[in-house]
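Chemist: Below, the features straight out of TrEMBL:
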- 704-724: compositional bias 'Polar residues' (COMPBIAS)
- 107-695: domain 'Major facilitator superfamily (MFS) profile' (DOMAIN)
- 500-557: domain 'Kazal-like' (DOMAIN)
- 22-49: region 'Disordered' (REGION)
- 695-724: region 'Disordered' (REGION)
- 106-126: transmembrane segment (TRANSMEM)
- 146-167: transmembrane segment (TRANSMEM)
- 174-194: transmembrane segment (TRANSMEM)
- 230-254: transmembrane segment (TRANSMEM)
- 266-292: transmembrane segment (TRANSMEM)
- 312-333: transmembrane segment (TRANSMEM)
- 387-407: transmembrane segment (TRANSMEM)
- 427-447: transmembrane segment (TRANSMEM)
- 459-477: transmembrane segment (TRANSMEM)
- 581-603: transmembrane segment (TRANSMEM)
- 615-640: transmembrane segment (TRANSMEM)
- 668-691: transmembrane segment (TRANSMEM)
């Protein structure tokens, strides 16, 4: 572990030829008992005064005063700035018992907890409860979509400011306050439940059977509850503001406080926690939706009723309170962890060659402290072709990740004829091992194979190629289950696409309403729009296993010796022979897409100067969101809508899609996915070609290593080899 500073003693680990003599007093900054500062045998003396040269090294910037030092001398330079700058605590309160957390591992634990909460809230709870919020507060789909997009809009507005000024400021304080804002957003998001009054609705079973109850077909929905969308947007805005420091300053703070070779592993663990967060959000949020929104109140509604609203707000209260608890220890971390200064030259040795060609301004430690440096900092990043291409590649990958996260369950639901909950659960089983495992493996491979500089970009190129080939999964599809009046006639004959007719002689007298979509599976293996469209005259009975069974359905042909047709609630199961192949290839697409995320992030951190790393991540996140996360789901949603066969009719207005054509959905997903994958492959290939390591090393690694002669003269510090 890195050395800790206590009392008035500092620690300076340098090559013996620079400071050969050992001061006699500990006040001079050296402890004779430490391994890195023992005196060499013999009367060798430096030409300068040890005390004066030590003062000069500690007080003056290395970039300006010691350019002549080789990589060996700079690598082991470590500065102690006193207990106030390296101790863990809150201003004057820094007890000794807290210093056990003042390590990269302790920092990683709290940052992982924060990213886990962020992922669970924004990518888990929000996606799980959005339909319940629509039902509870009379929101349209575009309004709920605007609520979800407010998060990315807030992040784009804050990224430049936070990454630029926070990158040169006290990063733990920016991170801690960001987590506090994130928790405040969760509490604001749950506030409408307590201010909108109690939710009460009656059971409407008669509207779905034959004959339909026409009096409740198109009730006036102008309840005024839709105005609460502004409060939801405010909560999402605070979520976006609070999460902005986490994935810009948090990544750079981790990277600059651990050894360069271990940084990908730490960042991979950090991002894996962010990926596991949504999985927990889906599980916890789904469980809470089985509880009625008004806790303790009895209701005749069941979880299968269209009017059911679960306890969507409970999870936001829990994450809000947890965020306040996690923010406290993060605020106590110092600007730099003890011993972190020794890693500066190791990162510099892997930097892009642009740092050595006219970028002296960016290497100045005071660069980026004022807003006057913002245009120059932006221009230096735009002139860096490797950084620009990595941003474009990240945007293409983010597009696919956002699209798969949004429409992956819908694809499985349509292909395998699953319910929404079953499709979400199955997709979760794919995402957790593929996304989380891919992120961890990406960081592990970078560390295991010692990938540096362009090597990480070549690894990303390989992963993109494999995932591009795996995307050919969408060449296959499962056949549609027959849907009466949509893909098949009521007599069993096939219907061409576009010839829809939900009304037949068997249900003409039922006067069924197209607003009441409640699919049932007939005993003939066909799906019917609702019990009314199946001609079922009576309410459902509870069959074996708690499944609703409708009897006497006139549109369902009798099976066997039964005198009338029978239907069960829900869709008919799909007998798809290629189900296993589809799931395996979708798993590979997700795995190799996430496998390149940490190497790409590591390459981004290495292709810019130290002073610009936080700002570079902020600019990259802006590009990724504006070109990927925000328009990606919209583009894929528009493409998927082209495959819709039956739209919802909300009293004359078009709603969501009920039935998709599986073959067309797979074909459109293949076209859009391959287009983005090819763009990502070309971006990574161009970045690999244009990347230039520092002169004098094959890939930026030789400059960070000492020569063999000096290495043989300097004893190995075992504590420096156990930082992870």
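Keep in mind that glycine also has a Cβ here, set from the backbone N, Cα and C atoms.
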Chemist: Compute the average pLDDT of the predicted model within the domain 'Kazal-like' (500-557).
Modeler: 81
Chemist: Hey, which bits of the same chain come close to the transmembrane segment (312-333), Cβ under 8 Å, at least six residues off its ends?
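Modeler: The answer is 88-90, 94, 98, 101-102, 107, 110-111, 113-114, 117, 120-121, 125, 128-129, 132-133, 136, 172-173, 175-177, 179-180, 182-187, 189-190, 192-193, 235, 242, 281, 284-285, 288-289, 291, 293.
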Chemist: With helix taken as DSSP H, G or I, strand as E or B and everything else coil, how many residues of the domain 'Kazal-like' (500-557) land in each class?
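Modeler: Summed over the domain 'Kazal-like' (500-557), the classes give 6 helix, 13 strand, 39 coil.
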Chemist: Give the nonlocal contacts of the transmembrane segment (230-254) in its own chain as ranges (CB under 8 Å, at least six residues past its ends).
Modeler: 104, 107-108, 111, 114-115, 118, 121-122, 126, 133, 146-148, 150-155, 158-159, 162-163, 166-167, 171-172, 174-175, 177-192, 263, 266-267, 270, 274, 316, 323, 601, 605, 613-614, 617-618, 621
Chemist: Does the transmembrane segment (581-603) come close to the transmembrane segment (427-447), meaning at least 3 CB pairs under 8 Å for residues 6 or more apart?
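Modeler: Contact confirmed: at least 3 Cβ pairs fall under 8 Å.
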Chemist: So if I exclude everything within five residues of the ends of the transmembrane segment (266-292), which remaining residues of that chain have a CB under 8 angstroms from its CBs? That is, six or more out.
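Modeler: Residues packing against the transmembrane segment (266-292) from afar: 104, 108, 111-113, 115-121, 123-125, 127-129, 132, 247, 250-251, 254-255, 258, 299, 301, 303, 308-312, 314-315, 405, 421, 424-425, 428, 431-432, 435-436, 439-444, 594, 597-598, 601-602, 724.
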Chemist: Taking the transmembrane segment (459-477) as reference, which of 106-126, 581-603, 615-640 has the most Cβ pairs under 8 angstroms?
Modeler: 581-603
Chemist: Checking distant contacts: for the transmembrane segment (581-603), what same-chain residues at least six beyond its ends satisfy Cβ-Cβ under 8 A?
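Modeler: For the transmembrane segment (581-603), the list is 251, 263-264, 267-268, 271, 275, 386, 390, 393-394, 397, 400-401, 404, 408, 415, 426, 430-431, 433-439, 441-443, 445-446, 451, 453, 456-457, 459-460, 463-464, 466-467, 470-473, 476, 478, 684, 687, 691.
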